[in-house]
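A.B. asks: Once you've had a glance at the structure underneath, I'll fire off some questions.
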């Protein structure tokens, strides 16, 4: 029968009256928006009255008498009204998704708070690809290294070497951008950028470690930009402003420290006052970069027409600093008179004296003046193809220029030449150059401000990388083709009147580069000081690193004040280094670490093929991510292996700290998926064959009991498990609740949380599980049969001795215990029963001395000897000595048994004291008979006479015993005494006497646990045997093997 649905218009009507219930029955339907807006009222109306728990089940459909009738009247979705209570309608869900905004407390909200006016409650992002991604990436990639070091890198490494450096770094960032694009388009990326992507893809441990590395990299980037700003200021703009006047590198470093610190404080104040000023100046800074690049290209074109009028003075083949002289000649002719030049006075002892003694190299070689920029068609590109590396202090020389070497070099005149200020080699240049290609995360960091982040981030980032790569590669070729080699190797431009080398190439003036690079470095430094504190604040607010939580707070408008202070402090460390060349490799390490894990995240997600991995960006492959990851790792160790090790150690320490102390986060990360895949693979492999004896270790199922408050009754059971396992192997902590899961489901979850809390408190690593069963016996049976998975199943059961079984009203405790023993035996699993478990030492205790006594009565696989060894590995039992006792009968050779046992322990590599105890056959004592007949009634009295057996023999005669036994049979119907039970009790009594005598002061006694009787009528006698066997001992562990060898003498 077809069903007709009527489509009605839905309106959001605001009705402030209280008569909604009366009007709900009208023909005009209420809107879904209003229904969901009043969800709390609806839930309140849907609550059943007290005492009527089954009301909801008894009336699953619309009830005309229900209070909810007005709520659903007129609705055509009544069939799903139960689902509507907890899940939204599709229309409501789509409406929420349409109005979704991923804006967080970003820069724009801070600006609004600073203005004192919140302009809009929710502002829809409007930035597109060009403004939101492409330009920010361009601004961050093109920076200080381009203007201050690229010409020096080309001159030192040559065109081919520089091309290799630029290509490796650009390919690295391109592959990283491809991986980042795949991650960024796999769902909505809230504001948080790369940290958010890495942490949600690789988990909190990797996310926190890489997030802090990215934070440190961004902070040291601020140091790099500030040092670049000060270098431009003191070298090219106001060189007379130096504080330390000495003409050496250390004085220059001190000047950098003083001015750098002042600049850092000034920038920090600007950031503290308000980031809106930084954002408003961003366009100005970007314009400076663009104009500088355009001026450089214009200068290259101009060299085709007319090369710039900058010359270099060479003495022989050595380049000279020309800021102290104007004429590149030894003498000058004025009015037909030859006089020495200013250059003469630099190499000769007298001032303008022709007859004074001069430097030998100055005397032997002529002065030559060449063009600093021969031009694009000059052919100088052939001379600049190959590198010219050298140690620190090497004079910069023109390779094909002839010269005459001096016999005795003059050290005091060397300050006039140009030198390598640092030792140069290929890998160093890689580390110095790499910061110039960082900044590819600028677009993803602004994901909260983009109109369509999933489209803009891949296109904008990759286009920016391709554009900047073209700029860098073209500059490498053009610099090598236009500029003389000795000028390229002049890092600070001392040979061209202290102008930046790229500046003398630019058109129309070097000041375009000087001013442009100065403002570019200022802007980049401000952006670093703006972005780094917010990144730290995001990490702190995630709560994964406890000691960073203080940095999650800030001003009332959300500005990260405390994070800014820490950033300034770390940035000052980089400034105190005072060398751009030394800070750049540090910066490279942290960014390479970040890029490495971006590639790793993409590769892991791709290989796992998780259902949620559906990126819109399709031009990726796991091989590209793996190649990018390998390239990042290679560049780290190529540029500076010791910095790379430091970065890896820092990231590793943060990872382990988060793993042990950090907050537990479930972000659906790829590492968890990788762990699941690895676990599945390992479990399948473990199923193929049972473990060898050499690999056997106790995989323990711990049967815990919960009290009425669902708290662990014997937490020391978990402590003992920790001491026994030392964090190795499988541990499953379980408990059973009586009832049905429908009624006690919440109790089961609460009990499982209680088990987890107790395990955490006792440092027990493993799994917890609580089952609900109709009775405890079935619950324990289910756990013993089904706990674990595949090859990771338990092979031993640990439980506490039921101390109150005699005082219990019913016999359930006794039956449950004995059935557990029977089932573990049938399942071929070992069993360990701890008596007085609450007296066992905790994990914080240290036993200074004592022994662990093993009473080896029967051989059941060697578990009795393995357990003390495992315990001795833990710091609680480490100082306890192991003793092994065995029992000899009348026809045994005690001396030979001791020798054989010592040899056996020697082959087992166990250190233990061996002792053989002789037990002679004797008549069954009256104590044994009395214990058999009157155990339950007089057990308490026997405890007092157990210490003086002679007194028992004097008090109880055979006649009295027979009379008492007859009374018991007639009055209470106690079970008959059979000969087998008498022998068992005799063994228990005699063995207990020996054990108490030898081991009453030991820290722990391990005993073979006898098997239960096959006839269930003897269950009570069995419990009595065990009680007598353990009487007078404090800490006892009854051990029953699983029927297989667990220890071997073979390697």
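Along the chain as shown, the residues are counted starting at 1.
Placement of Cβ uses the backbone N, Cα and C atoms for every residue, glycine included.
Model, not experiment: these values are computed from the prediction.
The region 'Disordered' annotation in TrEMBL covers 1-70. Per TrEMBL, transmembrane segment is recorded for 128-153, 159-183, 195-217, 223-244, 256-275, 281-300, 422-442, 462-488, 562-580, 586-607. According to TrEMBL, the feature domain 'Amino acid permease/ SLC12A' maps to 133-303, 417-701. What TrEMBL records for 831-1051 is domain 'SLC12A transporter C-terminal'.
Any idea what these are sitting next to in the structure?
C.D. replies: Residues of the same chain lying 6 or more positions beyond the ends of the transmembrane segment (128-153) and with a Cβ under 8 Å from any Cβ of it are 162, 165, 224-225, 228, 231-232, 282, 285-286, 289, 292-293, 429, 432-433, 435-440, 442-443, 446, 449-452, 455-457, 459-461, 463-465, 467-468, 471-472, 475-476, 479, 483, 487-491, 500-502, 513, 516-517, 520-521, 523-524, 527, 580-581, 584.
Outside the transmembrane segment (159-183) by six or more residues, the chain places 153, 189, 194, 197, 201, 381, 384-387, 426, 429-430, 433-434, 436-438, 440-441, 444, 457-458, 461-462, 465-466, 468-469, 472-473, 476-477, 480-481, 592, 595, 598-599, 601-603, 605-606, 615, 617, 619-620, 624-625, 627-628, 631-632, 635 with a CB less than 8 A from a CB of the stretch.
Residues 143-144, 147-148, 251-252, 254-256, 258-260, 263-264, 267, 435, 492-493, 498-500, 503, 514, 517-518, 521-522, 524-525, 528, 571-575, 577-580, 583-584, 587 of the same chain lie 6 or more positions beyond the ends of the transmembrane segment (223-244) yet place their CB under 8 Å from a CB of it.
Cβ atoms under 8 Å from those of the transmembrane segment (281-300) belong to residues 135, 138-139, 142-143, 147, 308, 376, 471, 475, 478, 482, 502, 505-508, 512-513, 515-517, 519-520, 522-524, 526-527 of the same chain, restricted to positions at least 6 beyond its ends.
Long-range Cβ contacts of the transmembrane segment (422-442) within its own chain (Cβ-Cβ under 8 Å, at least 6 residues beyond either end) map to 133, 136-137, 139-146, 149-150, 153, 156-157, 161-162, 165-166, 168-170, 172-173, 176-177, 180, 193-194, 214, 217, 221, 224, 387, 389-392, 461, 464-465, 468-469, 472, 581, 584-585, 587-588, 591-592, 594, 635, 638-640, 643.
Residues 133-134, 137-138, 141-142, 146, 150-152, 154-156, 158-159, 162-163, 166-167, 170, 173-174, 177-178, 181, 293, 296, 300, 303, 312, 314, 319, 370-376, 378, 380-381, 383-385, 388, 396-399, 418, 436-437, 440, 443, 495-496, 501-502, 504-505 of the same chain lie 6+ residues outside the transmembrane segment (462-488) yet bring a C-beta within less than 8 angstroms of a C-beta in it.
With a cut-off of 8 Å between Cβ atoms, the residues of this chain six or more beyond the transmembrane segment (562-580) that come close are 144, 148-149, 216, 219-220, 222-224, 226-228, 231, 253-254, 256-257, 260-261, 264-265, 268, 271-272, 528-529, 532-534, 536-537, 540, 550-551, 553-554, 586.
Averaged over the domain 'SLC12A transporter C-terminal' (831-1051), the predicted model has a pLDDT of 74.
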A.B. asks: State the residues, same chain only, that lie 6 or more residues beyond the ends of the transmembrane segment (256-275) and have a CB under 8 A from a CB inside it; answer 'none' if no residue qualifies.
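C.D. replies: Tertiary neighbours of the transmembrane segment (256-275) are 107, 110-111, 114, 222-223, 226-227, 229-231, 233-234, 241, 243, 522, 525-526, 529-530, 533, 559, 561, 564, 568, 571-572, 575-576, 578-579.
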A.B. asks: Which bits of the chain, at least 6 residues beyond where the transmembrane segment (586-607) starts or stops, bring a Cβ under 8 A of a Cβ in it?
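C.D. replies: Hits for the transmembrane segment (586-607): 172-173, 175-176, 178-180, 182-183, 186, 194, 197-198, 201-202, 206, 210, 213-214, 216-217, 220-221, 223-224, 430-431, 434-435, 438, 441, 574, 613, 620-622, 625-626, 628-629, 632-633, 635-636, 639-640, 643-644, 646-648, 651, 670-671, 673-674.
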